[in-house]
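Asks: I have a structure I would like to understand better, so I am pasting it below and will then ask my questions one at a time.
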Amino acid sequence: AVMGRNLALNIESRGYTVSVFNRSREKTEEVVAENPGKKLVPYYTVQEFVESLETPRRILLMVQAGAGTDAAINSLKPYLDKGDIIIDGGNTFFHDTIRRNRELSAEGFNFIGTGVSGGEEGALKGPSIMPGGQKEAYELVAPILTKIAAVAEDGEPCVTYIGADGAGHYVKMVHNGIEYGDMQLIAEAYSLLKGGLNLSNEELAQTFTEWNKGELSSYLIDITKDIFTKKDEEGKYLVDVILDEAANKGTGKWTSQSSLDLGEPLSLITESVFARYISSLKEQRVAASKVLSGPQSQPAGDKAEFIEKVRRALYLGKIVSYAQGFSQLRAASEEYNWDLNYGEIAKIFRAGCIIRAQFLQKITDAYAETPAIANLLLAPYFKQIADDYQQALRDVVAYAVQNGIPVPTFGAAVAYYDSYRAAVLPANLIQAQRDYFGAHTYKRT
């Protein structure tokens, strides 16, 4: 409800009159009452709402993904005319979007599955927008979407046509998977600095403030520095009294499931999903901590040196995560015939969305230089960072393992990097085993 309300206010602020409808009459009245003088026109039946719009009608749905979206579409259909456009701005599973696009197209309606990132504030002030569907239908809503989107530092709006049917929602799904990876990498960096150097919350905030001035400059680093010093009403640091169970809404899981369907090694992001799952086993972890032993932890040595190693490890880990995510976008583009523009996708992530970061411009530059590049790690800039920072990543992972600090995503970054650069892997033995017990055959070198 908040996302829908804020998007309506955003659209209204760009000079449009917006018809609003909610199943709950009270919520519809509330939105209008809380925003006096705004060009928000309330309607209390679906028929009146639809009939209030100019044709071709442009209807933005912001409802809970799943059955709710189908119910909303079915309630609209009796009053729609051929050529009308429904935009689904929810966190919808892309296969559902492909199905709805096909079904509505057959009836003469247009359907645009649109990823919207930036949370409640982004919806109001300017989100990153990822529309997918019929190109001609997108052209009819592009003026509105362009006006409400976030604007990057170079003045470019953070919206672009992504591709046919489910492409927009797929890109939003991968965006969310990358977000999981970013957040887990940052959490592991925090754990290392706290466990290895015993940094105070003030020192952590100062460290992240410095990091936010350089390569790691991003929304997530920015909010993390603020989180470290936030206190509750009792004067305690809030982060220290929050239960260590991370919830999830399932979009990270969808990204990992899709990687398995496509045969893409999305190991870092998948580990970040599993890290949330194991965090939720709080009772088991507390019990296990009293039974299972670990190593005696040793201090991490020189403070400034270790902080810099963790910073480098975090940046290279982030690069590996994005390399995996964009590799999966390439595989999906081929599988679903979307013809994705990876440089443009990186561009619209530069503002408005949760993963917005300075380094996204480097991804755009890499694809501009070599559009068909197989993996971002092979681009000159990222290859140079890998050359310069891999030792720090290895040192940090080795320290963590020797001192019993779990670093699933840092570990996944090293494993993926070494596997990807290996001309020969021990998979020949696996294939021999498969042939031995199942006559699966093999290829000779």
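Cβ from N, Cα, C; glycine included.
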Asks: Given that Swiss-Prot lists Ala1, Val2, Met3, Gly4, Asn22, Arg23, Ser24, Val63, Gln64, Ala65 as binding NADP(+), which residue among Asn35, Asn91, Asn101 does it place in the same site?
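Replies: Answer per Swiss-Prot: Asn91.
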Asks: Can you match one of Arg100, Arg102, Arg276, Arg421 to the substrate site that Swiss-Prot gives for Asn91, Ser117, Gly118, Gly119, His175, Asn176, Tyr180, Lys249, Arg434, His440?
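Replies: Of Arg100, Arg102, Arg276, Arg421, Arg276 joins Asn91, Ser117, Gly118, Gly119, His175, Asn176, Tyr180, Lys249, Arg434, His440 in the substrate site that Swiss-Prot records.
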Asks: Count, for each of the recorded positions Lys172, His175, Arg276, His440, the other C-beta atoms lying within 10 angstroms of its own C-beta, and report the residue with the smallest count.
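Replies: The recorded positions Lys172, His175, Arg276, His440 were compared, and His440 has the fewest Cβ atoms within 10 Å.
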Asks: Excluding near sequence neighbours, so keeping only residues 6 or more apart in the same chain, what lies with its CB under 8 A of Glu179 (active site, proton donor)?
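Replies: Result: Gly252, Ile354, Ile355.
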Asks: Using CB atoms and a 10 A radius, I'd like the single residue among the binding-site residues Asn22, Ser24 with the highest neighbour count.
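Replies: Its Cβ has the most other Cβ atoms within 10 Å: Asn22.
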Asks: Given the recorded positions Gly118, Lys172, His175, Arg276, tell me which ones have a C-alpha lying within 10 Å of the C-alpha of Asn91 (NADP(+) binding site).
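Replies: Checking each Cα against Asn91 (NADP(+) binding site), the hits are Lys172.
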